Amino acid sequence: MYKQILTFLILFLRYILSEFPDDPYEDDDTSDDNNSDYEGQKCNPYRDKACLVNDEALGKKIFESFAEGTKYFTITSSTRGVRFGSEGLALTIQDEFDNPALVSSFYIMYGKVEAEIKGAAGKGIISSFYLQSDDLDEIDVVEIFGSDPYEFQTNFFIKGNTTTYDRGRYHEMHPSPLSEFHKYGIEWSPDLITWYLDDKPVRMLGRRNKHGLPCSPMFLKFSLWSVEDDDEGTIAWAGGAASFSEGPFTMHIKNLKVQDYSKALTYSYGNLRDGNWLDLRADGGYLYEGHKYCLPPKMLDKLKPTPKQETDDDQVLTSSKSQRVATTISEDKNTVSYYPPSATNSHTTWDRLSEWETEQDETGTDDTENSDNEEEESITAIPISKSRKGSTRRLDISTQLPPLSQNESKIAEIKNITTTKHIHNTTTSLQISKIKSKKVGVTTTIYSSSTPQSTSKSRMPYNIFFNYPGKENSRFKSGVSSILATSFSSVVIAEILVIVVLLL
């Protein structure tokens, strides 16, 4: 009798233990590493009134070959599609669910970025390298179309504003970006962004353009992705839908160089607990000379278009390798004259690595004002083609009004800044939709204002995000659970008591 009862209790105990998973927080499909909420953990100060960001600053120059791994980047999705080797970093798509990507652990506030890239060949496959801020400023260094062997795109976005289709420029090149490595780079300063192909400038974007320039710290990202079958606009832009039976598709990256023009430990900005807005500050250092502060969120809706907004300050430079000039915002077929900036020494080729590793200061400034020397320089004629259909005018975000507390000094020293020095009172926040502009049509993704939950075990590439009382503060689900231990102990104790009672 007792033996039968004991056998029953043992079987019951086994059944109870089998019902507990190894990790209660583990998803049903643990093998799928393609989807990641890695970037979803970042809060947007222009969208979330409880968001105050403190981003890790680079504050120096770095070089990575990617031959033996990476010190400054984290894999954010499709781990199986990321490899390091003699040709540097390789991102590979094997099926429609793959999207291999890496994000830097640091941010820069103005500077130089350059990498050697060989794009992935394949219809509907896009090789991309870009910079992006927490509040959705963005500079697309390059987007390479797998279906187009002689063209690449440059682009930019300000605070997620993609209501017009006139930001992208398309550059022809020879030889193909799909058959061999080419250097793609940008130099970002407060008044000018210059895109480079093989050490030669191919596009220059000045502050007077109607959209403005990025004014927030940005991280770097490499990504290889395929267009979705049900997105007709993106399919047309990418040259067709991907055929995965023709894969795998591989993008190669090597010899990355990055220089942060600002010097700091962290970059902080966003919403304070009392509802005030904290302008960008460089903790433990200073912001680059000439920095233009972003407007607080409450000012965005008050901006009105001005005649100055119509100034075309975006020029595509022709070269022997690229005879076709990309689409611009004017419908006038005539040509305009462009005077190269006088600060030509800031557009020379990159220093050798030995020089890069020194502490020599490099201003990288671009003087956009005409000078006597400029009058002696040759004039480059820039043809202007027809604009894209559907282009509409939109109020500018970063250049319509002067910053309320802009520091006019040469260098904005922030070491001993007081809390109220660069603060604006704000009571509203902006809900921003991230809409990616394409060649034909647009793809829209709405970012939710709620704090997402993460199941990713990757190290996050950003430093600190503040959540205030009343908000959900749990960002990550713990990989170690005490539920199983507690439940197991309770069952064991109960079984022991039953056995003791039966034996007495």
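Heads up, the Cβ atoms here are built off N, Cα and C, so glycines get one too.
Here the candidates are CYS51, CYS215, and Swiss-Prot names CYS51 as the disulfide partner of CYS43. Summarising the environment of GLU143 (active site, proton donor), the number of other Cβ atoms within 10 Å of its Cβ, over all protein chains shown, is 22. If you take the Cα of GLU143 (active site, proton donor) and the Cα of ASN161 (N-linked glycosylation site), they are about 19 angstrom apart, rounded to a whole number.
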